[in-house]
Amino acid sequence: MSSAFAAERSLLLRSRVVRSRQKESAKSFGFVWVVYGLMWLVCAVAVGYVGLNELESSQRLQSDDDTQMFEEEASCREAYHSFPEDFVWGAATSSFQIEGGRDDRADSIWDTFCMKNPESCNGDNGNIACDHYHRVDQDVQLMKELGLRAYRFSISWPRIMGKDGKRNEKGIEFYNHLIDELLANNIEPWITLYHWDLPQSLEDEHGGWLGRFTVDAFTEYSRICFQSFGDRVKHWITMNESWTVAVNGYNGIHAPGHYASATETYIVAHHLLLAHAQAVAVYRSEFQSRQKGSIGISNCGDFRYPATKDVDDEAAERAMIFQLSWFADPIWKGDYPEEMKKRIGDRLPRFTDEEKALLLGSSDFFGLNHYSSLLASEPAEPPTYQGYWADVNVDFSSLPTWPKNDMGWSIVPDGCRELLEWIARRYNNPVVYMTENGVAFPETDIDIALKDVSRQSYLEEYLRACAEAILEGKVRLRGYFAWSLMDNFEWQFGYSKRFGLVRVEFDTLRRTPKQSALWYRKTIAKNGGTIALRNGTCKTPGR
């Protein structure tokens, strides 16, 4: 074999070996890639499985998170007060303050007071007022639009007992129409028999509430009202704020403008209580069994905090007793408060045993008008004058942090709750109706008037206090009447102070619901569900 051939053969053999090894290497390399591929596939599946698990876990966490957020949002939505199912939602007015229609009634003491002392009524009078007398249908439709479930109004005594002192059929017809319109629109009438407009003839001929004759006259007037309206009216209030009648009416501030002696204020109060008791006795003995209504009285009460705890506790208690308990104790306990008996002595009239029996239990509910609270303290010096305020002998003040309304009254919602709880403790937790609560703020123009955020806030805060008294204090509050349905004649302030949910332009008598009225409508529809729990704002951690 030649060397060239041998070399070629050697190269060929090496080439075959190389190719053989390349094939084997290729086979091995392909196998390795298959293995690697399988490994990657397994890893991918594993990763995918883990990823899927993580995704599902993430989705579950997100779902749990969303559920928690939804539950928290739901609890936020539910963090509102809910009042009792049968809670009475209403608004209130009084005859002299809104009716007008003076030509169709006899004169009242307020007509005379404003005529003889115009400066005592801001130069205004009640001749036209809101002209409700001629606008009943319109006003009832307004109440319906505002969602009122009840309307508290007073009967004008001089409209029922006419100019000749006899029963006035035209006046009775007016109230019959009002009552029928209310019921036709699913609004329950609540009637107050006396809201301060005493017939002037009783003042002139019998001394008004200073004379015992007026007690019997009120009884007869009440009987006429029960006879005329009791087949449809199921809620009666005899007197509105007897304290205001006795104190403000007999120190020159209110009609009749009489300046009382140190004894006369207590005589007036005594006669108001007896008039209430006699009217209730007539209703219960002659009408209640077939008419199936309830009857009570509305008294005013403000809460008094001791200016200095312990030091002024007695002063604060005494102030409330001389205002609210003066008229509530005879009805719920059978006699005047012991504190008043001790301080007033013989100047305080005494009830006979028969009168005590007539008074005790003479109210089916506790009617309360509440607006404000104050601090009470013991005076540094004894009084140098005589009369009611000397007998009370308390200095009043307010905290600088308490806001004031247009009347100069402090806005203290907690005082409302504390007063309701005080009533529950003192009078064995009676059924209570808040028959007046409201506020006046300056309304310099129509835009400010209609955007009455401050009034809405006041109503919300005081209703929250009411709800807390029900929930926490177990107070049996069963109804609330906002004062007032519309702007009206505000006694010694004339038309200068506006308490209304509805704006009244007194030159045109146009009515326009304010923002507070629309909020109140929503609150009624939700049975208080617009009123958030105190500190009830939801805050989710991490957000």
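Any Cβ shown, glycine's included, is placed from N, Cα and C.
TrEMBL has this to say about the protein:
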| type | residues | note |
| --- | --- | --- |
| TRANSMEM | 29-52 | transmembrane segment |
| BINDING | Gln97, His195, Asn240, Tyr371, Trp483, Glu490, Trp491 | substrate binding site |
| ACT_SITE | Glu241 | active site, proton donor |
| ACT_SITE | Glu436 | active site, nucleophile |
Among Gln97, His195, Asn240, Tyr371, Trp483, Glu490, Trp491, the record's substrate binders - longest CA distance, Å: 18
Surrounding CB atoms that lie within 10 Å of the CB of the residue listed as 'active site, nucleophile', all protein chains: 24
Any further residue of that chain within 8 Å (Cβ to the Cβ centroid of Gln97, His195, Asn240, Tyr371, Trp483, Glu490, Trp491) of the recorded substrate site: Ser94, Glu241, Glu436, Ser484, Phe499
Rounded distance in angstrom between the Cα atoms of Tyr371 (substrate binding site) and the residue listed as 'active site, proton donor': 12
Pairwise CA distance, Trp491 (substrate binding site) versus Glu241 (active site, proton donor), rounded so that it is a whole Å: 14
Spatial neighbours of Trp483 (substrate binding site) that are distant in sequence (at least 6 apart) but have CB under 8 A: Ala91, Ala92, Asn369, Glu436, Asn437, Gly438, Phe499
Winner by Cβ contact number (other Cβ atoms within 10 Å) across the recorded positions Glu241, Glu490: Glu241
His195 (substrate binding site) and Glu241 (active site, proton donor), distance between Cα atoms, whole Å: 8
Other CB atoms, at most 10 A from the CB of Tyr371 (substrate binding site): 24
Same chain, 6+ residues apart, C-beta under 8 Å of the C-beta of Asn240 (substrate binding site), given in sequence order: Ser94, Ser154, Thr192, Tyr194, His195, Trp196, Ser298, Asn369, Thr435
Residues satisfying Cβ distance under 8 Å from Gln97 (substrate binding site), sequence separation of at least 6: Gly126, Ala129, Cys130, His195, Ser484, Asn488, Phe489, Glu490, Trp491
For Trp491 (substrate binding site), the number of other Cβ atoms found within 10 Å of its own Cβ: 24
